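Reviewing the structure listed below.
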Amino acid sequence: MSDPDPVRGHLYDWSLRETTMAEARTQETGSFGFEPYNAGSDEEYMNPEQEEHFREILLAWKRSLMEEVDRTVHHMQDEATNFPDPNDRATQESEFSLELRTRDRERKLIKKIDEALGRLDEHDYGYCEACGVEIGIRRLEARPTATLCIDCKTLDEIREKQRG
């Protein structure tokens, strides 16, 4: 859908805008139609059903990101016009630069998803890389690529703040 961009005064394809953090969080689980996993009280952590639950989430998320990358490539090919006006050319280059930065972040995220899928294959998924405790189903549903439990992640963030 193209509408006039009130800031730039030209047509802008709003479907290609940068994904906000809130939308990214929704994409992680909710928009793929996954219900939160309801573990039984005597259910073993990261049993085959839980592993399959997270594999489906990760694969759907990766598929969504790959589709977005494809849309961006096609959009950039379609819009690659050499504008005679330097301002129009600068605006287009700025938009392309923003899209490329967004796709670079998504490329890094796809790599993290692939790493999480690898941990699932090795049955190491869901355990903290720092201390070995269970990360927890709710934390993994909120951030399927998490590699640290909430305590280790909090300590890591405190150390990062102290380093500046």
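Positions of Cβ are set from backbone N, Cα and C atoms, glycine also.
What TrEMBL annotates here:
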- Cys128, Cys131, Cys149, Cys152: Zn(2+) binding site (BINDING)
- 50-119: domain 'DnaK suppressor protein DksA N-terminal' (DOMAIN)
- 124-154: domain 'Zinc finger DksA/TraR C4-type' (DOMAIN)
- 128-152: zinc finger (ZN_FING)
Cys149 (Zn(2+) binding site), number of other Cβ atoms within 10 Å | 21
Least crowded of the binding-site residues Cys128, Cys131, Cys152, counting other Cβ atoms within 10 Å of each Cβ, is Cys131
For Zn(2+), what surrounds Cys128, Cys131, Cys149, Cys152 with a Cβ no more than 8 Å from their Cβ centroid?
-> Glu129, Ala130, Gly132, Val133, Ile135, Leu148, Ile150, Asp151, Lys153
Can you count helix, strand and coil residues in the domain 'DnaK suppressor protein DksA N-terminal' (50-119) using DSSP?
-> 64 helix, 0 strand, 6 coil
When DSSP states are folded down to helix, strand and coil, where does Cys152 (Zn(2+) binding site) land?
-> helix
